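Chemist: What Swiss-Prot shows for this protein is this:
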type	residues	note
REGION	1-226	region 'Pyrophosphorylase'
BINDING	8-11, Lys22, Gln73, 78-79, 100-102, Gly137, Glu151, Asn166, Asn224, Arg330, Lys348, Tyr363, Asn374	UDP-N-acetyl-alpha-D-glucosamine binding site
BINDING	Asp102, Asn224	Mg(2+) binding site
REGION	227-247	region 'Linker'
REGION	248-454	region 'N-acetyltransferase'
ACT_SITE	His360	active site, proton acceptor
Amino acid sequence: MALNVVILAAGKGTRMRSDLPKVLHPIAHKSMVQHVIDTAHNVGSDAIQLVYGYGGEKLQSVLGEQQLNWVLQAEQLGTGHAVAQANSNIADDDTVLILYGDVPLIQASTLEALLAAREENGLAILTVNLPNPTGYGRIVREANKVVGIIEQKDANAEQLAINEINTGIMAAPGKQLKAWLGQLSSNNAQGEYYLTDIVAMAHRDGVAITTAQPDSAIEVEGANNRVQLAQLERAYQARAAEKLMLEGANLRDPARIDIRGEVSVGMDVMIDVNVIMQGKVTIGNNVTIGAGAILIDCEISDNAEIKPYSIVESAKVGAEASAGPFARLRPGAELKRDAHIGNFVEMKKAVLGEGSKAGHLAYIGDAQIGSGVNIGAGTITCNYDGANKHLTVIEDNVFVGSDTQLVAPVTIGKGATLGAGSTITKDVAADELVITRVKQRHLTGWPRPVKLKK
């Protein structure tokens with residue numbers, strides 16, 4: 001028996017006031033529908049049917065490389081009609097799990113509970129109790145057993161008083177589902193084919209109907225406009241922040257942090273306000289992350305410090321190392337143990353060795369730098385000749401004076417000293433002192449320029 005997931009993603013989302021299909025709007029830097037697809041994989045889906053309509057080309061350009069069966073709903077005639085478009089991809093013995101592309105916070109654990117609640121060849125529906133159920137379909141019970149779902153516009157006064165509502169998420173047996181979908185009618189206030197009508201059909205046919213509920217109602221809330229999208233974003237961030245704190249992070253203010261990927265932290269990590277973490281970020285023990293830092297696809301080792309307003313992207317920061325404030329580690333950069341870069345230092349595709357330092361105002365690109373090296377302010381590795389990149393090698397215990405340019409390819413030997421203001425175009429041997437600046441001249445009585453009168 002296969003788990004066949006149908007994700008409804010055909011809506012335009014008019015209230016978003018956007019050319020982008022609604023389900024492509026992001027939560028935590030990932031489209032809503034991608035969150036749902038990932039959750040479907042997490043519950044062990046054997047196949048995913050993505051029912052699309054408006055903006056199909058944009059959807060396929062974003063999601064096209066994934067293992068999905070694309071099912072077109074040419075006309076938007078209701079949720080029942082949408083699911084029916086996938087009938088040819090549903091086997092009789094499938095368990096069909098129906099999800100929604102604009103409900104991104106649904107948890108795998110909730111769906112697992114729903115599937116567990118379903119009896120053999122039965123129908124399981126996910127419900128939730130709301131203090132204000134206005135706008136939602138109500139769960140109709142008799143003797144505590146579900147007998148149907150009534151939509152808001154079709155409900156009478158007694159039914160409108162029901163607080164248990166339909167989330168739309170359900171698990172159904174493939175054979176019966178296809179039969180029920182074929183019996184749907186659009187004879188209702190909306191003139192649509194309601195998926196919810198299959199619940200009454202299941203009751204009629206004597207099929208066991210069971211229910212499950214999520215831990216929080218926010219899991220089943222959708223986003224129809226940008227206000228609701230922002231509310232879901234905040235809910236996602238609150239949940240992600242809570243997870244970090246339970247793992248051992250101290251968050252200066254959990255409401256002022258953005259987590260946009262897979263973040264893992266060690267013990268006693270301190271994270272200040274307005275930090276953004278994106279992609280896969282791994283943080284060791286006793287790490288300090290300063291205010292406004294941005295971490296993207298990076299590794300921060302034990303006892304390291306990322307000072308305020310620094311950016312670490314696709315880079316590694318070793319144990320005891322530090323970066324910032326206002327430092328930038330670009331892809332391929334690595335700080336070894338106890339290395340340091342200070343304010344306005346940029347590194348790309350370069351390694352700064354153990355205990356080495358670049359305190360301020362430097363660019364280090366395509367470079368291999370040994371241990372115990374001092375990089376003076378204003379140092380530049382000139383790595384690009386207009387066509388190709390070249391490597392700079394600086395061996396252990398080198399002292400590079402301020403405002404030095406190293407024109408790659410070039411190698412500086414161990415213990416060498418480069419005088420301030422030098423432009424190095426040739427290799428330097430170990431323990432040499434090299435100075436290339438012009439000899440200082442003194443011109444007495446030099447007349448300074450005078451501004452012309454207008």
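Numbers run from 1 along the shown chain.
The backbone N, Cα and C atoms fix where each Cβ goes, glycine too.
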Chemist: For Asn374 (UDP-N-acetyl-alpha-D-glucosamine binding site), what is the tally of other C-beta atoms lying within 10 angstroms of its C-beta?
Modeler: 16
Chemist: What are the DSSP helix, strand and coil residue counts for the region 'Linker' (227-247)?
Modeler: 21 helix, 0 strand, 0 coil
Chemist: If H, G and I count as helix, E and B as strand, and all else as coil, what does DSSP give for Gly11 (UDP-N-acetyl-alpha-D-glucosamine binding site)?
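Modeler: Going by the DSSP assignment, Gly11 (UDP-N-acetyl-alpha-D-glucosamine binding site) belongs to neither helix nor strand, so it counts as coil.
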Chemist: Compute the C-alpha separation of Glu151 (UDP-N-acetyl-alpha-D-glucosamine binding site) from Asn224 (Mg(2+) binding site), stating it in Å without decimals.
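Modeler: Cα-Cα distance, Glu151 (UDP-N-acetyl-alpha-D-glucosamine binding site) to Asn224 (Mg(2+) binding site): 18 Å.
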Chemist: Using a 10 Å radius around each Cβ and counting other Cβ atoms from all shown chains, which of the binding-site residues Gly11, Gly78, Gly101 yields the largest count?
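Modeler: Sorting the candidates by Cβ neighbours within 10 Å, the top entry is Gly101.
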Chemist: Among the binding-site residues Asp102, Glu151, whose Cβ has the fewest other Cβ atoms within 10 Å?
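Modeler: Candidates: the binding-site residues Asp102, Glu151. Fewest Cβ atoms within 10 Å: Glu151.
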Chemist: In whole Å, note down how far the CA of Leu8 (UDP-N-acetyl-alpha-D-glucosamine binding site) lies from the CA of Asp102 (Mg(2+) binding site).
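Modeler: Their Cα atoms are separated by 8 Å.
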Chemist: Work out how many Å separate Gly78 (UDP-N-acetyl-alpha-D-glucosamine binding site) and the residue listed as 'active site, proton acceptor' at their Cα atoms, rounded off.
Modeler: 61
Chemist: Would you count the other CB atoms within 10 A of the CB of His360 (active site, proton acceptor), including those on all shown protein chains?
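Modeler: There are 18 of them.
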Chemist: Does anything in the same chain, at least 6 positions from Asn224 (Mg(2+) binding site), have a Cβ under 8 Å from its Cβ, and if so what?
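Modeler: Result: Gly13, Arg15, Met16, Lys22, Asp102.
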